[in-house]
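Here's what TrEMBL has on this protein:
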type    : residues                               : note
BINDING : A:Arg117, A:Gly147, A:Asp168, A:Ser215 : S-adenosyl-L-methionine binding site
BINDING : A:Glu216, A:Glu219, A:His220           : Mg(2+) binding site
Amino acid sequence: MWRGRKLSSCGVRFLETLGFGYPSTLAELPLRTSWSGNLQIKPWVFIEHRTMWFRAYRMTFSCLTRIKSYRSSWKRLCSTSQTTVDSNEVKTFLALAHKWWDEQGVFAPLHSMNDLRVPFIRDNLLKTSANHQLGKPLSGMKILDVGCGGGLLTEPLGRLGASVIGIDPVDENIKIAQHHKSFDPGLRKRIEYRACSLEEIVEETAETFDAVVASEVVEHVIDIEAFMQCCYRVLKPSGSLFVTTINKTQLSYALGIVFSEQIAGIVPKGTHTWEKFVSPEKLESILESNGLSVQTVAGMLYNPFSGYWHWSENTSLNYAAHAIRSKVQEHPEPAELFSKRETEELSANASTNPCVCEELKK
Amino acid sequence: MMVAVGSLVGRLGMRQWGVGPSALTRGPLTACRRWAGASADTVYDVVVSGGGLVGAAMACALGHDIHFHDKKILLLEAGPKKVLEKLSETYSNRVSSISPGSATLLSSFGAWDHICNMRCRAFRRMQVWDSCSEALIMFDKDKLDDMGYIVENDVIMHALTKQLEAVSDRVTVLYRSKAVGYTWPGPFSMADSSPWVHITLGDGSTLQTKLLIGADGHNSGVRQAAGIQNVSWNYDQSAVVATLHLSEPTENNVAWQRFLPSGPIALLPLSDTSSSLVWSTSHDHAAELVSMDEEEFVDSINSAFWSDANHTDFIDSASTMLHYVVALLKPTKVSARQLPPSIARVDAKSRARFPLGLGHAVEYVRPRVALIGDAAHRVHPLAGQGVNMGFGDISSLVHHLSTAAFNGKDLGSMSHLTGYETDRQRHNTALLVATDILKRLYSTSAMPPVLLRTWGLQATNAVSPLKALRKVCPSIPERNHNTKRQICARRRKVSKTMLKGITNRLRFIILICDMNSELRVHRLCSSGKPSETRGKFSCTCTCGRGSIVFISSRK
């Protein structure tokens, strides 16, 4: 979903705005419950109690996170000294932690996005391996789900036979995810959850994963460059990276922020910040410069009336990208990689499509 | 009626489901004592409650699906295991008409081969006609494909049991196990409660499952426990079934159905010499039929098919009028009415009866629950669609579950279960409503409905696209003359108490005597000239019109 936290100096002010913003999220509820079906419990009573508890929790939590970030900066895991976790994002998601597994609730669009992203991940991974076990297509694969939230995407991957590690900086999310998976004996051993950020596990898990999934995370991260470097480091050579995120366009502002958050309440208010959205071109350039060659970029569209997602040619709202870590072992220089990629592309295209090759030469 | 239709349709689209009643207090979770290999911690992926035709086929289809290779499926059956060591020589009285679509489903997991190796009967044509008029509709397939198959229920069960044994590593079958209580999953906010469905069996053991499929018949316990509303009413009719033997061997690849005012009577082919009877009639008449002696029973069947007592002049002229119009416009669409083979005797002890009704569940699915087969819908046998609708449910549900399993989804999730419900409710509701309308339309001998249905049937027979419901071929070229020649070539016996119908407005005057006497058949064609034929054949046709009654005598 998202992960990354950076302690900014104006964090306190943000806390206050979020404290104010919280009741407005409550006001969105009538719109959502009428749409999302009949819950037997009354959400008002339930959530008012929680508000008190969350505010107290947030205060202590912010102290804890401050300590944690000092510790992490000591370790110097990546080239940047700061982590990629955004504390404001942590607060937002903490407030919604208990609603992860309500399929008709706040996270309904994420639940139905599984219909697109699980086949996307599964099919692209199946292409890389030759042996397919019946009933467990991803068996033998190790996957890292960065920003797993409540485990919405981790569990389907686990059911398909992969060994998945799900990480999320929000402790509450990990607790919910652990609790949910504990009921299913088939998943208990295949999924592992950890409450940490990506930077913290880079050292111990370098080059161990067949795939890294960063779904709905990149738009919540402070430093995408650092994030992608860490992804590169944890991937095995020729491992796959899957990213789903939102494009930074006027349409995504109008529909993704104004309509979805403020008008229709499809997404809780304050979840997204338009400035942090990433366009596919920018994402591609970051990926390529960090040794991850992009294989596919495909647009996704959400229909709020039916509640289903669809693939689309248009990437101006949501899109998914698949990249593969190139086989070069050491961490390459950006310029070197760029020229290498170009020559690789030319040779590949020359063998397959002479027209494209001519275009490139132009 | 419209209200009934409205309630039948149910709520497609946005649903409101509350928590099902977790009413029954269950004892502490005890480990399953009955069989090895399952512990209290076992969570089944799918439990199918009810091991009838539809339940067993569901378990079989899931067990043979490639995406369920590593899943655990359980089938609960209240009765004992039925082992069919050797096929009995006599046919069973419970048979089903299997459509080609259902046959495809059964062959997808290998059961159809077993059925064909045992016994089944394909039929190529179907004649449906009225007792109050001459109108008829003939379903036929041009390319000599089979329209359907008549298979005994025991044969289907045996084939399914064999195929279940073939996937016993995935599918466990528990016989003599009946579920007595269900505990439904709590809402998502009650985080500490188990998210699975808990089933309590008669012996006290409990099972947990991610998805419970109710296939336990029209008095479904799963449906009642889940609190799903069921729109149902009883018809004041019972169906009488029996195994009959024909007077003489014939090709017997035609299914016959005649609508009497008391209810439809159908003759389904089983072999060259025997057929199965399904006669829906009033409760009193059904009781009478089952208790009367065999000869009387045979005679009543023959007269039900052959008697023209319900014809009236007005209707006959009206139908003749439309007949001329059709013959003018589409001469090749005119069908000649044929008579079914006459019955000689009935198998001893093969007569049985059961009451009929209609039922439709307003919702087919709830979180972690799905209904299939008679638990979801119950229909009149007049269209032969009951078990075929159930098999259609299985195809749809297996398709949705297979895709969900391949996407790693939670099998009990409403997102794909509602897809199944929408698919099937659309199809089943239309069929249920049509069957109910047909039943009501043909239950009366009052003039207006009879006229309506006579013209309707004739028009449907002439206009080929309407028959596409049964995938019938459009053209019936030169049927009249071919039919006559075929009929003329056959000889049939005539029983003693055949009715006598004489009227000079009928196109045929039939004088029927007892078996050893001479027969005289007069036919009046449009020009009014009689042409008389004596003896063995009655086959007259100079103008190519009119229905032909074929009777022969022993002499």
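Backbone N, Cα and C atoms are what each Cβ position is placed from, and that goes for glycine too.
Note that TrEMBL annotation is computational and uncurated.
Known features from TrEMBL, placed on the structure.
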{"residue": "A:Arg117", "record": "S-adenosyl-L-methionine binding site", "CB count, 10 Å": "23"}
{"residue": "A:Gly147", "record": "S-adenosyl-L-methionine binding site", "CB count, 10 Å": "28"}
{"residue": "A:Asp168", "record": "S-adenosyl-L-methionine binding site", "CB count, 10 Å": "30"}
{"residue": "A:Ser215", "record": "S-adenosyl-L-methionine binding site", "CB count, 10 Å": "25"}
{"residue": "A:Glu216", "record": "Mg(2+) binding site", "CB count, 10 Å": "23"}
{"residue": "A:Glu219", "record": "Mg(2+) binding site", "CB count, 10 Å": "24"}
{"residue": "A:His220", "record": "Mg(2+) binding site", "CB count, 10 Å": "25"}
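In this structure, A:Glu219 (Mg(2+) binding site) is part of a helix by DSSP.
Closest to A:His220 (Mg(2+) binding site) by Cα-Cα distance, out of the binding-site residues A:Arg117, A:Gly147, A:Asp168, is A:Gly147.
Annotated pair A:Gly147 (S-adenosyl-L-methionine binding site) and A:Glu216 (Mg(2+) binding site), C-alpha to C-alpha distance, rounded: 8 Å.
Across the residues the record lists as binding S-adenosyl-L-methionine (A:Arg117, A:Gly147, A:Asp168, A:Ser215), the two Cα atoms farthest apart are 19 Å from each other. With respect to their backbone Cα atoms, A:Glu216 (Mg(2+) binding site) and A:Arg117 (S-adenosyl-L-methionine binding site) stand 11 Å from each other. DSSP gives A:Gly147 (S-adenosyl-L-methionine binding site) a coil state; it is part of no helix or strand. DSSP assigns A:Asp168 (S-adenosyl-L-methionine binding site) to coil, not to a helix or a strand.
In this structure, A:Arg117 (S-adenosyl-L-methionine binding site) is part of a helix by DSSP.
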